[in-house]
Amino acid sequence: MLNGYCKASMPGHALNLIEVLKSRGTAINRTMYTILIDGFCQLGEVSKAKEIFKSTLADGISPDVVTYSALINGMCKMGKLEETREILSRMQKTGVLPNEVLYTTLVCYCCKAGYVREAMKYFVDIYRRGLAANSFIHNALLCALYREGMVTQAEQFKEYMSKMKITFDVASLNCIIDSYCSRGSVHEAFSVYDNMEKYGCSPDVYTYRNLLRGLCKGGHLVQAKEFMSCIVHIPSAIDQKTLNALLLGICNHGSLDEALDLCEKMVTINFIPDIHTYTILLSGFCRKGLIKEGQVKAASYLFQEIICKEGMYADCIAYNSMMNGYLKAGKLHKVEMTIYDMNQNKVYPNPASYNILMHGHIKKGHLSRSIYLYKDMVRKGIKPTNVTYRLLILGLSKHGMIEIAVKFLDKMVLEGIYPDRLSFDVLINAFSEKSRMSDALQLFNCMKWLYMSPSSKTYSAMINGLIRKNWLQHSCDVLRDMVESGLEPKHTHYIALINAKCRFGDINGAFRLKEEMTALGIVPAEVADSSIVRGLSKCGKVEEGIIVFCSIIRAGMVPTIATFTTLMHGLCKEAKISDALHLKSLMESCGLKIDVVTYNVLITGLCKIQCVSDALELYEEMKSKGLRPNVTTYTTLTEAIYGTGRTLEGEKLLNDIEDRGLVPSYTDQCPEWRMENAMDRLNMIRNCRKGTAFNNDFKVLHADHKSIHKAAAD
């Protein structure tokens, strides 16, 4: 009778029966108490079951493993892990040891709750006590390992099960298939599917859904459609979720016309599109990269006329999809209106809703509005996510409030929210741009402690910032860390470091960096060697640069144009014009085309030693090769001609400058005045390009606007 009442969910009658028995003087034994405890646990009334358990102890009855199992099973169902551990500890202290059934309960609960390591401890205890774990325990553990992303351990455990000849059930095989599909290994997933009959299992709806989802996720849309056509006629092979999985794949990798066709076909095979179907379709209309005015209107129609007016409950996800579409179309006011409608229809926004709206305001630079939204979330009891904090950090960093952004990062951690890589990237980039490298390195070390790696862009910002601060050792360490993390550094990073090392006299360090750059295959060997030549030349070590340059030539390699030019510049600074001109000849013999920059270096060098005639010859040669002299060329030559008093020789040069529209034509003026006017105008143009601020007493030159615009264009 007691057992019947409990099974019929009539615990009140069961307790009345106990009272009747007690009034008759009948002793209540352990089995009766166990039935009562189990009955209340099955109904989820664990607190009442615990009271009965205490009564058992008070009556001097020692619970056995079955009694403990009933109570532990009830607590596991209610998720009371800590209390379960306490009961288990008390049980073992009284000398009652778990049996196979209780171990199965403990392992399966821990696996379901995500406590895989604890489940594995119970698994080990089973064998320590001389018991044998059943196949149910093995399969539960295998599923949990895959579900929690512990792929390596799962693969090892799968091999162990195969060696021990433990049968796989359909649930564990589905987990294996799902794991392969999630990692993009669709071939391996289908291999498991093909061998299911060998394991004595038949594919179920979850098997087909996982395979279809894997094909869609990998972009294998044609194969996904073919697979669907094969399974559509198998009884109970597909459900609404399976069709939705295919629809999601089509929306992500196919066309919207195909998605609409699938929605029509659903009806023909007796599946009516549900709210999830329409939400996927809505997301398809609003997906990234395809936001056009027509699509936003179609999405709005789908949302208003079908979802809202056909009696379907538009949930938060549907509203968020619509808001996302408006955001991508740049219609922030529509996003505001949609979130207002949500509140009116008693569909309460979730963190994602606020994040979408916050993202729109951050893009528009509305920082104060974003802060207000964050405060509104907190006030309404909506817990901000890592995306919320990342958006706030981005907005604050853009407005130069980096210290406050860091405080939000601290707050994020204190609230138990795991910061993502993007949050760190934003802050490190902001600190690097402001050359606050101590703060950037501190955050970089935090990322390493959390087993994160910055993005390639963040590494670049850090390296550049460290070089600007002349923290060369730190920049080398970060560069090598970048390589170790699997990212390929830019050749410009190495070249900048090589230049800095040469500048500080660390030639050996520069050569080591050159060897690293060559070993990584970032640039050809001649480019790597050329970077050393340029580094040495820039820091005044021209002789050493020439030695390395000669070794490149002897090795049968051709240095870069920039290397020739930099070396020429170094020689010209030391007034070794003949050597610089020799390099020009060598450059031409190597088949390299001399550019305007190289000619400017040589012309500047010749003008510096007052060889103006030779400089003018190079100028003419430059024009004869179809090269277009720039402002630097003209400025250097006009200053040299004017400074040496050879104004008449510069008549042709002045005509060229005037023909280019850089200065107005004043043929009625004397050559000296024209030359002086040209010099002033050319210097003004050059200073404008460099962004040099003019003094208030700068002489304003009379010119028509057309000539200024033409000069800027040239």
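Going from the start of the chain as shown, residues are counted 1 onward.
Note that Cβ sites are derived from N, Cα and C of the backbone, with glycine treated the same way.
Note that the structure is a prediction, hence the values are computed from the model and not measured.
Record features (TrEMBL):
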type	residues	note
REPEAT	29-63	repeat 'PPR'
REPEAT	64-98	repeat 'PPR'
REPEAT	169-203	repeat 'PPR'
REPEAT	315-349	repeat 'PPR'
REPEAT	350-384	repeat 'PPR'
REPEAT	385-419	repeat 'PPR'
REPEAT	420-454	repeat 'PPR'
REPEAT	455-489	repeat 'PPR'
REPEAT	490-524	repeat 'PPR'
REPEAT	525-559	repeat 'PPR'
REPEAT	560-594	repeat 'PPR'
REPEAT	595-629	repeat 'PPR'
Next item on the list: Give the residue counts of the repeat 'PPR' (595-629) per reduced DSSP state, in the order helix, strand, coil.
Entry: 26 helix, 0 strand, 9 coil
Next item on the list: Pull the DSSP breakdown for the repeat 'PPR' (560-594) and write it out as helix, strand, coil residue counts.
Entry: 26 helix, 0 strand, 9 coil
Next item on the list: May I ask for the residues of the chain that lie six or more residues beyond the repeat 'PPR' (455-489) and have a Cβ under 8 Å from a Cβ within it?
Entry: 421, 424-425, 428-429, 431-433, 435, 437, 440-441, 444, 448, 496-497, 500-501, 504, 506, 509, 513, 520, 522
Next item on the list: Mind checking which residues of the chain, 6+ beyond the ends of the repeat 'PPR' (560-594), have their Cβ under 8 Å from one of its Cβ atoms?
Entry: 526-527, 530, 533-534, 537-538, 540, 542, 545-546, 549, 553, 601-602, 604-606, 608-609, 611, 625, 627
Next item on the list: Could you pull out which residues elsewhere in the chain have a CB under 8 Å from any CB of the repeat 'PPR' (169-203), counting only those six or more residues past its ends?
Entry: 135-136, 139, 142-143, 146-147, 151, 154, 158, 210-211, 213-215, 217-218, 220, 237
Note to self: Per DSSP, what is the helix/strand/coil residue tally across the repeat 'PPR' (315-349)?
What the structure shows: 26 helix, 0 strand, 9 coil
Check: What parts of the chain pack near the repeat 'PPR' (64-98), using Cβ distances under 8 Å and only residues at least 6 beyond its ends?
Finding: 30, 33-34, 37-38, 40-42, 44, 46, 49-50, 53, 56, 105-106, 109, 113, 115, 125, 129
